[in-house]
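Undergrad: Let me begin by handing over the structure; questions about it come next.
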Amino acid sequence: MTLQSDLPATVRPLGPVMLDVAGFALTEEERERLLDPLVGGVILFARNFRDSEQLQALTAEIHALRSPALIIAVDHEGGRVQRFRTDGFTRIPSMRCLGRLWERDHVAALESARCAGYVLAAELLAHGVDLSFTPVLDLDYGCSRVVGDRAFHRDPLVVAALAQSLVSGMADAGMGCVGKHFPGHGYAEADSHVEIPVDEREFDAIWTEDIAPYRHRLGRQLAGVMPAHVIYPRVDPNPAGFSRFWLQDILRGRVGFGGVIFSDDLTMEGATVVGDILARARAAFGAGCDVVLVCNRPDLAVDLLDRWAPDIAPESRARIEALRSRPQAADPFALELHPVYRQARDVVAGLVEDTA
């Protein structure tokens with residue numbers, strides 16, 4: 001397939017690869033890499049944040065590279081997975097805090113989740129970030145070393161209710177969301193960043209419990225879904241993110257999900273069973289992922305961009321384009337003038353104090 005490399009450098013459709021960058025500003029090498037037709041987005045990390053002004057400059061620089069602008073994303077869940085924590089950003093509690101509040105007061109928990117979603121999204125948008133990879137929809141079985149307090153609750157209906165409130169708050173601010181890690185990472189003990197997790201359960205248990213939040217009406221509000229680098233050997237021999245059964249038959253077919261499917265980071269240990277970086281990208285794409293993430297290994301990113309020539313379906317490009325956010329505040333100073341934001345921030349601040 002022709003990747004339209006003959007187009008002017010600043011005008012080209014969004015591609016299926018999301019990369020990271022090293023520091024507070026782009027290097028010349030990174031600018032060139034982000035102009036590659038295969039690239040469609042950038043994921044930021046804590047190392048990319050010094051202060052509010054610097055982050056705004058970085059996102060503006062990334063957005064100015066191309067038209068349509070590259071999508072800028074971040075893992076900004078709250079709790080221990082919150083990349084930006086100071087100077088323009090409110091500390092968001094872990095999702096387990098909201099689950100514990102649910103045990104005491106359902107109404108307060110739902111309102112707190114909505115406020116957390118609004119604050120999280122509004123602050124990111126005010127700094128030029130388009131998308132957060134949240135909420136975590138994994139169930140808190142108490143055994144996963146990587147999920148833990150990132151999960152709302154053990155009960156899938158509680159997870160769905162709290163996540164829907166969080167997602168509604170994000171939508172009110174103008175941001176879509178990405179549920180993860182389909183079909184569920186909570187039962188697998190190993191951390192897929194450094195190991196290859198295995199979940200030995202049968203399909204019916206996973207469908208009834210872990211997939212329930214995706215089958216809930218919440219699933220229709222998700223802009224994206226990220227599958228787990230977990231193997232469910234009694235269902236399919238491939239990790240979920242490389243499995244047509246999980247992504248096409250179940251997520252697209254039985255669940256009816258129509259948004260973007262993002263791979264988890266292809267450099268994680270849980271992805272290595274598939275082969276080298278090209279094999280991983282091909283497998284994820286072939287299974288049904290629209291966007292593949294390659295993080296923390298610029299050498300592998302360069303290798304993939306040099307060797308991969310995917311056939312990108314128009315409907316996949318359309319799904320990616322639909323992720324475009326609609327920020328309501330131009331910058332953090334303007335955000336402070338919004339009474340809805342200030343009220344929501346007060347609720348979130350009080351929740352952190354109550355559960356610290």
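Just so you know, glycine gets a Cβ as well, placed from its N, Cα and C.
Pulled from Swiss-Prot, these are the listed features:
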{"type": "ACT_SITE", "residues": "His193", "note": "active site, proton donor/acceptor"}
{"type": "ACT_SITE", "residues": "Asp264", "note": "active site, nucleophile"}
{"type": "BINDING", "residues": "Asp75, Arg83, Arg150, Lys180, His181", "note": "substrate binding site"}
{"type": "SITE", "residues": "Asp191", "note": "site 'Important for catalytic activity'"}
Undergrad: Going by DSSP, is Asp75 (substrate binding site) sitting in a helix, a strand, or coil?
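TA: Note: Asp75 (substrate binding site) is coil by DSSP, not helix or strand.
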Undergrad: Tell me the coarse DSSP state (helix, strand, coil) of Asp191 (site 'Important for catalytic activity').
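TA: Where Asp191 (site 'Important for catalytic activity') sits, the three-state DSSP reduction gives coil.
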Undergrad: Most Cβ neighbours within 10 Å: which of the recorded positions Asp75, Asp191, Asp264 is it?
TA: Asp264
Undergrad: Would you measure the largest Cα separation among Asp75, Arg83, Arg150, Lys180, His181 for the substrate site and round it to whole Å?
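TA: Pairwise Cα check on Asp75, Arg83, Arg150, Lys180, His181 gives a maximum of 19 Å.
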Undergrad: Out of Arg83, Lys180, His181, His193, which of the recorded positions is least crowded by other Cβ atoms within 10 Å?
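TA: Taking Arg83, Lys180, His181, His193 as the recorded positions, the minimal 10 Å Cβ count falls on His193.
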Undergrad: Counting distance between Cα atoms, which of the recorded positions Asp191, His193, Asp264 is nearest Asp75 (substrate binding site)?
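TA: Minimum Cα distance from Asp75 (substrate binding site) across Asp191, His193, Asp264 lands on Asp264.
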Undergrad: Looking only at DSSP and grouping its letters into three states, which state does Arg150 (substrate binding site) belong to?
TA: helix
Undergrad: Can you figure out which of Asp191, His193, Asp264 (the recorded positions) comes closest in space to His181 (substrate binding site), comparing Cα atoms?
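TA: Looking at Cα distances from His181 (substrate binding site), the smallest one goes to Asp264.
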Undergrad: Report, in whole Å, the straight Cα-to-Cα distance of Asp264 (active site, nucleophile) from Lys180 (substrate binding site).
TA: 9
Undergrad: Cα-Cα separation of the residue listed as 'active site, nucleophile' and Arg150 (substrate binding site), in Å?
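TA: Rounded to the nearest whole number, the Cα-Cα distance is 16 Å.
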Undergrad: How big is the Cα-to-Cα gap, in Å, between Asp191 (site 'Important for catalytic activity') and Arg150 (substrate binding site)?
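TA: That separation, Cα to Cα, works out to 13 Å.
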Undergrad: Helix, strand or coil at Arg83 (substrate binding site), per DSSP?
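TA: DSSP call for Arg83 (substrate binding site): coil, neither helix nor strand.
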Undergrad: To the nearest Å, how far is the Cα of His193 (active site, proton donor/acceptor) from the Cα of Arg150 (substrate binding site)?
TA: 15
